[in-house]
């Protein structure tokens, strides 16, 4: 009953049932039903007609700010959803039963900022999914958020390494490495100890799954002699660097973008399957279509 | 209705343990104090899990009405905030939630959840009709996120007492978040609302059997 639903949808008081009420809200009925139906058709049309937008660094930063300032999300809320997406993507690309080494060890390397925070959440969910993550977290910010995320991991019996293992040790011990070092805010030179860490990562043969941006890459232009991850998990929307990604698995994660924000920036996000928090993007063929 | 705690899954899973009201409070204190989870973080995890549970119990394709409408009734405290997060994720999952949130929490933490829902264009009702048929006609199901285990359900104040009277009469399924509102955590309510689905958070509470136990969410906390 469209009229009744519309009544509720815009929060009018119900004074009586029957024709008079429906007439009064007739115009409103159309508006209310449009709140939901327009969004779905719009997105369907977009994915058919357009490709997903790849963001520049500034745009990515603006979207982030808007999520926190206008939409009132908290960092820990979105980080939780982002980290969950990363862990989920890992389970899809590297399911437990497919791992060559037992136990199912994974090395998660966390950088000094929010990308590192995403990595900590990812590690925790990987633990819950049955993997055995170890975390390398050499530079820890003093913010309470990161202290808390660290404690949450420690209390899950996730071990924290004191130093970066050599490449051959990584290859021997771990099934894969999650690169949560630098994210979309990264600019300029790589400070130690991350220079050394990235050098080791260039030598390993086990797969690397990068969170949002392959660490060390320019956020827009990529990095031809940087690390070459096997998996990229783009958060919110892919960044331009993803155009240079040549690995096997490109996932989109961070399923929290409000429709209004998506429309404002014309992100053309795809429809995530069911309740999944990741969407697998087709990897680039030569024509560059996602 | 099955009392699933006695069902034996193959080998590895032990029977579920039902926890009391005191244990609920202790566990939550420990999660916050010792495990350093943030309150907003926990509410996000719980609300997200509720939304997923609902999609499993009532997939979009199974809904009988033309639009996948869902009414989410939110109380003033944590249970209500979980409902708000649940509504937001249901929206992401292509459901059409409408929220009834008569008494909004003054805490900024909970206010943020309200803004997030508003910014997702989720409508908020200004009042809950007492005409039960209107609810039956408009919505596929009702999410009861009114009162949680921390509240004393024996002393339910207005407007919640009136809302519960209405909800007792609806014909559409009710999904209760953590504890059916109006029920005591440790004991069943003889004349309370009768949810079809219960989503237990962290661990199931000592409740009257006869409710389908849908999801045990201990996996989020190890």
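Placement of Cβ uses the backbone N, Cα and C atoms for every residue, glycine included.
TrEMBL lists A:114, A:115, A:116, A:117, A:118, A:183, A:184, A:185, A:186, A:187, A:188, A:189 as binding (6S)-NADPHX, and of A:157, A:212, A:218, A:225 the one it places in that same site is A:212.
Cross-referencing A:76, A:171, A:179 with the K(+) binding residues that TrEMBL gives (A:115, A:215) picks out A:179. With all protein chains in the displayed structure included, the most crowded Cβ environment within 10 Å among the binding-site residues A:184, A:186 is that of A:184. Same-chain residues at least 6 positions away in sequence with a Cβ under 8 Å from that of residue A:212 ((6S)-NADPHX binding site) are, in sequence order, A:115, A:118, A:183, A:184, A:232, A:233, A:234, A:235, A:239. DSSP gives residue A:118 ((6S)-NADPHX binding site) a helix state. Other than the site residues A:115, A:179, A:215, same-chain residues with C-beta atoms no more than 8 angstroms from the centre of those residues' C-beta atoms, the K(+) site, are A:109, A:111, A:116, A:119, A:180, A:181, A:182, A:183, A:210, A:211, A:212, A:213, A:214, A:216. For the pair residue A:114 ((6S)-NADPHX binding site) and residue A:215 (K(+) binding site), the C-alpha distance works out to 13 angstrom. Rounded to the nearest whole angstrom, the C-alpha distance between residue A:186 ((6S)-NADPHX binding site) and residue A:179 (K(+) binding site) is 14.
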